[in-house]
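Straight from TrEMBL, the features:
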| type | residues | note |
| --- | --- | --- |
| BINDING | Lys379 | ATP binding site |
| COMPBIAS | 647-668 | compositional bias 'Low complexity' |
| DOMAIN | 52-155 | domain 'Gnk2-homologous' |
| DOMAIN | 161-267 | domain 'Gnk2-homologous' |
| DOMAIN | 350-627 | domain 'Protein kinase' |
| REGION | 631-668 | region 'Disordered' |
| TRANSMEM | 290-312 | transmembrane segment |
Amino acid sequence: MTNFSTHKETKMRTIIRGPSWWRHPRWTAAAVATAVVIIASVFEPAAADPQTNLLNKGCSQYNATNVSDFYMNLNATFADIRSQIASEGKRFATAQQARTSDPVYVMAQCRNYMSTADCTACFDAAVALIRNCSGANGARVIYDGCFLRYESNGFYDQTTLPGNVGICSNRTASSASAFDSAVQGLVADLKAATPRITGFFAAVKREVVAGGSITVYAVAQCAETVSESGCRDCLTVAYGNLQSCPPDAEGRAVDAGCFLRYSDTAFFSNNQTTNIAPFLGGGSSNNNKAIIGGVVGGGGSLLLILGLILWYKLSRKAKKALRGNILGATELQGPVTFSYKDLKSATNDFSEENKLGEGGFGDVYKGTLKNGNIVAVKKLAIGSSRAKADFASEVTLISNVHHRNILRLLGCCSKGPELLLVYDCMTNGSLDKFLYGERRGVLNWKQRFDIIFGTAKGLAYLHEQFHVCIIHRDIKPSNILLDDSLQPKIADFGLARLLPQDQSHLSTRFAGTLGYTAPEYAIHGQLSEKVDTYSFGVVVLEIISGRRCNDMIVEPVTEYLLEQAWKLYENDMHMNLVDETLDSNEYTEEEMKKVIEIALMCTQSPASSRPTMSEVVVLLVTKHSTDLARPTRPTFIDNDKRVRGDTSASAGSSTSHATASFTEFTGR
Ligand SMILES: *[C@@H]1O[C@H](CO)[C@@H](O)[C@H](O)[C@H]1NC(C)=O
Ligand SMILES: *[C@@H]1O[C@H](CO)[C@@H](O)[C@H](O)[C@H]1NC(C)=O
Ligand SMILES: *[C@@H]1O[C@H](CO)[C@@H](O)[C@H](O)[C@H]1NC(C)=O
Ligand SMILES: *[C@@H]1O[C@H](CO)[C@@H](O)[C@H](O)[C@H]1NC(C)=O
């Protein structure tokens, strides 16, 4: 059985290696740009209100291992952030100390309407309160005026997490029904506009009744390190959480990556309002109910559906959930439990018509829940009693993985005759269809690069940023799903652990996909996260070439994709690999060569010579390929497991052993 305290132990000894994906140059640029905007508006008198009304607080249940190291890191990061706020006038700051056994990542944000003095005072109050979590390795404090959070791993791109919640006041506003509809309209506008505004902040006010006797004030804000779509996802959930508040006079919604608040009382000064009109492209929101109806009816917005699911979930859980319990990656939540009967009827008794596909771990069915939400239900083809016993703890772990490039597990069902998992339904299906299936040729180069980049980020998260290292072991295009905007979501992670041991490697199950399987794993069962790096490299070659790795090219010589790619590379003919359906105006030769070389680096042997996935993320955004070390040729392996080429390499220097083949969740 998985034991989380054991995972914690191993995790705590982790030293984060190499640069992390969140030091993405684009974000740095965005942060600088926003800082400039903020500095321009800093110099104004303090209203002397740090707004330290506490909305949410939580301490991780895990403690740091080396307390002196931990406090050194915590103090250094807090001091760094305080100087960014007090001296540089920032309203958003991050800082991290990741070099020792107890890494600390911190994020702090003030509402932009706060003066520098108020923001600093709010931050100081948050620091004082968060220190009461003693040695907890993660904690957060959310005030009206600011929030502060630290974790032992990178979390800067998190948007919405379990624990997101709406907080309503008990006071009812006057002119209740007019107030209600004014709030609905204003908050919907904020939700639409804020993700498009540089800095992700907007403060607005709107008269409820003419003459200004009743006015509604509202703000929305996202962490500056999330993407525009991440901000939108988060505010969509926050918006759902606020739905039940009006006509209460005040409402707030808190989440990991955003904040939403409205009130009938001014809480920022008049000159701090944002003109959001230019950011409200499309229709007016006065009629937002009609817009929602249209979007859902058109099946257009999974995000909205996700929001509604969360809202539904939260409203069903009623007020039992302890506020302040979650919102931190360091605390694991149990999965939502669905009833077998509901899932059976949602999928039309698991009918053939509802079948979306057959995965390595069982069949997948499209389901329509009673509330109209569309989900994907996976029927696990794992019946052993051990699997059943492990199911609960594994699913708890999986359902706590939140990353925009990883398919979200909505819940599970273990009470019926089968073990069922419920996921977001991705209407665009899997990547293989786009590479060599019915939708071949649809993806342009930018979309393909985004898929490569997103998949790398998702894997880096699973390997290095989650509590425990999750090795996927079966990365291939059919396990990479595409959302509405063709962004990748990695599916089927973490399930390998439920397989009986004798199937974990070297089984017939792998015969068909051996092309993605690292040789040291296929032959010797040596498992490490570099097994995923290898598969990722092969998938990148497929994305570039539009060719299946297992298809042989017969002319001029018999070879599989990987061999062909290496030969072309060695003869400096990389560009011959590129899919003919790609428009050559969409990419530069240099860029394409760089990505091909990164893919080849990922397929090297021994495993230790392959980059980690966070290194891959950095390489992908690095401008020039000249810095790349020249990759060394790997072991080639046929489907019949005949080894060719450099056989010595297969011994590898990986630290894993055959006996470790059942420990995908390894300490690092
Ligand atoms: C904590 O780490 C420091 C240096 O990183 C080391 O000197 C010290 O012995 C460690 N303390 C414990 C209790 O492990
Ligand atoms: C960290 O700061 C706190 C509060 O200022 C102080 O009590 C503690 O001694 C500091 N710890 C280290 C290791 O610097
Ligand atoms: C921290 O906890 C102590 C004891 O429980 C309490 O007296 C103190 O007021 C708390 N500090 C803050 C800032 O809440
Ligand atoms: C904004 O309004 C506040 C009071 O409402 C005032 O003190 C301040 O000077 C104003 N700031 C600017 C830049 O006009």
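The chain as shown is numbered from 1 upward.
Every residue, even glycine, has its Cβ placed from backbone N, Cα and C.
Predicted automatically and left uncurated, TrEMBL annotations should be read as such.
The secondary structure of the residue listed as 'ATP binding site', as reduced to three states from DSSP, is extended strand.
Long-range neighbours of Lys379 (ATP binding site) (same chain, six or more residues apart, CB within less than 8 Å of its CB): Phe350, Gly362, Asp363, Val364, Tyr365, Glu418, Leu419, Leu420. Across the domain 'Gnk2-homologous' (52-155), DSSP classifies residues as 38 helix, 32 strand, 34 coil. Computed over the domain 'Gnk2-homologous' (52-155), the whole-number mean pLDDT of the model equals 92.
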